[in-house]
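Enquirer: Just passing along the structure, written as structure tokens.
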Amino acid sequence: MSPENQSSVSEFLLLGLPIRPEQQAVFFTLFLGMYLTTVLGNLLIMLLIQLDSHLHTPMYFFLSHLALTDISFSSVTVPKMLMDMRTKYKSILYEECISQMYFFIFFTDLDSFLITSMAYDRYVAICHPLHYTVIMREELCVFLVAVSWILSCASSLSHTLLLTRLSFCAANTIPHVFCDLAALLKLSCSDIFLNELVMFTVGVVVITLPFMCILVSYGYIGATILRVPSTKGIHKALSTCGSHLSVVSLYYGSIFGQYLFPTVSSSIDKDVIVALMYTVVTPMLNPFIYSLRNRDMKEALGKLFSRATFFSW
């Protein structure tokens, strides 16, 4: 059924950030800088992995896909948010809102699956180092990434199709910076029980289960590290997992409660701040985490700068 038959609302109004008008310019500059840092930083990660043959390993294969996902993730919401900060009428068409919500959920879930695949890679590398190349072969890596994309698509498509069946009668103001699924459900004048049931069920599949897999992986990793007799071996294992653990903490720390328990009452400002954490801050920090705490990435970055300096002369 077409949106025109289901809804009398042709557009939504995004309230945006809860800031005063005189603060708009400062926050616009801040978020523009953060967005550009996200795009350029993750593009640099992808470039380094592509150019340096030493980085053609399963770990960096997953990282390159994570970098692409982070760029796409931020690009779904931040450009529209920046544009709204420069205009007085912060509207978004019904179709654009549904599309934004679809891709937001898609890349959120894809992040979760990719981070889980990286945890499995670290588990094999530390717990089964002698069989690493046999287990983490190219076919398995491609399969894990392909499944991540397919499951993410299925998840976002299920939410989107269910949402298009709802009616939006009069209220069209979204107290958010983008078209958030939970905010849209609150505006609907239809029965949203099925939507909330699917939201909770899918949330368990794409958030809780991957998180449990990560915990189990690091449980085995921790047990293996404790059996390592040398401090050098422990340091190497920790340095291998440190970057990934930081990303896991940032990602799940900011979205776990809000995504899994969407009906829990919370202030609007808190929802916006949490959303900004995982749409702006986390994608921006990921390149720094992997470049500053990873020896291979720092060496590849040094080679790139040396090559650029050589050609500049």
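Note: Cβ is positioned from N, Cα and C throughout, glycine not excepted.
Got these off Swiss-Prot a minute ago, pasting:
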type	residues	note
TOPO_DOM	1-25	topological domain 'Extracellular'
CARBOHYD	N5	N-linked glycosylation site
TRANSMEM	26-49	transmembrane segment
TOPO_DOM	50-57	topological domain 'Cytoplasmic'
TRANSMEM	58-79	transmembrane segment
TOPO_DOM	80-100	topological domain 'Extracellular'
DISULFID	C97-C189	disulfide bond
TRANSMEM	101-120	transmembrane segment
TOPO_DOM	121-139	topological domain 'Cytoplasmic'
TRANSMEM	140-158	transmembrane segment
TOPO_DOM	159-196	topological domain 'Extracellular'
TRANSMEM	197-219	transmembrane segment
TOPO_DOM	220-236	topological domain 'Cytoplasmic'
TRANSMEM	237-259	transmembrane segment
TOPO_DOM	260-272	topological domain 'Extracellular'
TRANSMEM	273-292	transmembrane segment
TOPO_DOM	293-313	topological domain 'Cytoplasmic'
Enquirer: Looking only at the topological domain 'Cytoplasmic' (50-57), how are its residues distributed among DSSP helix, strand and coil?
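Expert: Final tally across the stretch: 5 helix, 0 strand, 3 coil.
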Enquirer: Test the contact criterion for the transmembrane segment (26-49) and the transmembrane segment (101-120): 3 or more CB pairs under 8 Å, pairs 6 or more apart in sequence, then answer yes or no.
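Expert: Contact criterion not met.
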Enquirer: Long-range same-chain neighbours of C97 (disulfide bond), Cβ under 8 Å, sequence gap at least 6?
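Expert: In sequence order, E11, F12, I174, C179, L184 meet the Cβ cut-off.
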Enquirer: Can you check how the pLDDT averages out over the topological domain 'Cytoplasmic' (220-236)?
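Expert: The average pLDDT of the model in the topological domain 'Cytoplasmic' (220-236) works out to 77.
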Enquirer: Helix, strand, coil residue numbers for the topological domain 'Extracellular' (159-196) per DSSP?
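Expert: Breakdown, helix to coil: 17 helix, 2 strand, 19 coil.
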Enquirer: For the transmembrane segment (197-219), what are the same-chain contacts with Cβ under 8 Å, counting residues 6+ beyond its ends?
Expert: 109, 112-113, 115-116, 119-120, 122-123, 151-152, 155, 158-159, 162, 181-182, 185, 241, 245, 248, 252, 255-256, 259-260, 262
Enquirer: Using a Cβ cut-off under 8 Å, which residues of the same chain at least 6 positions beyond either end of the topological domain 'Extracellular' (80-100) come close to it?
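Expert: Answer is 3, 7, 9-17, 24, 27-28, 31-32, 35, 160, 163-164, 168, 174, 177-179, 184.
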